[in-house]
Amino acid sequence: MRLAVICFCLFGIASSLPVKVTDSGSSEEKLYSLHPDPIATWLVPDPSQKQNLLAPQNAVSSEEKDDFKQETLPSNSNESHDHMDDDDDDDDDDGDHAESEDSVDSDESDESHHSDESDETVTASTQADTFTPIVPTVDVPNGRGDSLAYGLRSKSRSFQVSDEQYPDATDEDLTSHMKSGESKESLDVIPVAQLLSMPSDQDNNGKGSHESSQLDEPSLETHRLEHSKESQESADQSDVIDSQASSKASLEHQSHKFHSHKDKLVLDPKSKEDDRYLKFRISHELESSSSEVN
């Protein structure tokens, strides 16, 4: 309730305040309403003054057209315009002098624009004549980690003997030359590899010799792998044979026990139930052992 009362009070105060009427008229209309007589005379132009102002402009425009038809260069036309402007300035009043200068300045600006466009076309043509050729780049394997090996491989692949260098050479000569070049390259590569693979300590020497032997003789590794596979196969076969022999021995031993026990049962006819139980047990053991062997 308090808020509602406060809002109504504010609305009442706002409505009681005086409202100013906005004046939508322009500044000229305001001045005219305040001072009607002098401003009306200033705003309404005199027709005689208009004719005096337009006459020199028409004369200058006609003379400019004639000069433009007769002369082609912009510099001469500018000079003629300057002379004509001087004559007009001597004849006209101060107001006419200012307006004629404005018209001449506008004409000179137009001509300067035309001259600038002509200069731009000339410079564009000269720039178009000069054309720089595009030079292709060549990929060089510099900065690579395997630059030495990469360069040697590229040399060995791109080594070709042309007929122009050796016109009288035969195929045999070319092949011998190729072989000699490859042998030279291999001889050059061997000391570099030796220097790179040379360690500082004796342990490193042993490891380096072992690695070099592995690299030089890859057949040893394959032979070792084959030998290890053969040894594993032979061990597996021997284990199978041993298991079979042991199973056979156990079966024989159990059968021997069974026969001996059977003989005892024949001698002792009172223990028939025990014999049945033993037979069932022995048969079960035999079946389990046979299943294990299989």
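Cβ atoms are placed via backbone N, Cα and C, with glycine included.
The shown structure was predicted, so the numbers you read here are calculated from the model rather than taken from an experiment.
Looking up S26, S158, S289 in Swiss-Prot, the residue bearing an annotation of phosphoserine is S26. Here the candidates are S147, S197, S246, S283, and Swiss-Prot annotates S283 as phosphoserine.
In Swiss-Prot, the feature phosphoserine is attached to one residue out of S103, S125, S186, S290, namely S290. Screening S100, S162, S288 against Swiss-Prot annotations picks out S288 (annotated as phosphoserine). Counting only same-chain residues 6+ beyond the ends of the compositional bias 'Polar residues' (234-249), those with a CB under 8 A from a CB of the stretch are 289, 292-293. Packing around S288 (O-linked glycosylation site) is summarised by its Cβ count: 10 other Cβ atoms lie within 10 angstroms of its Cβ, all protein chains included. Within the set of modified residues S243, S247, S255, the entry lying nearest in space to S291 (phosphoserine) is S247 (CA atoms).
The CA atom of S243 (phosphoserine) is located 15 Å away from the CA atom of S288 (O-linked glycosylation site).
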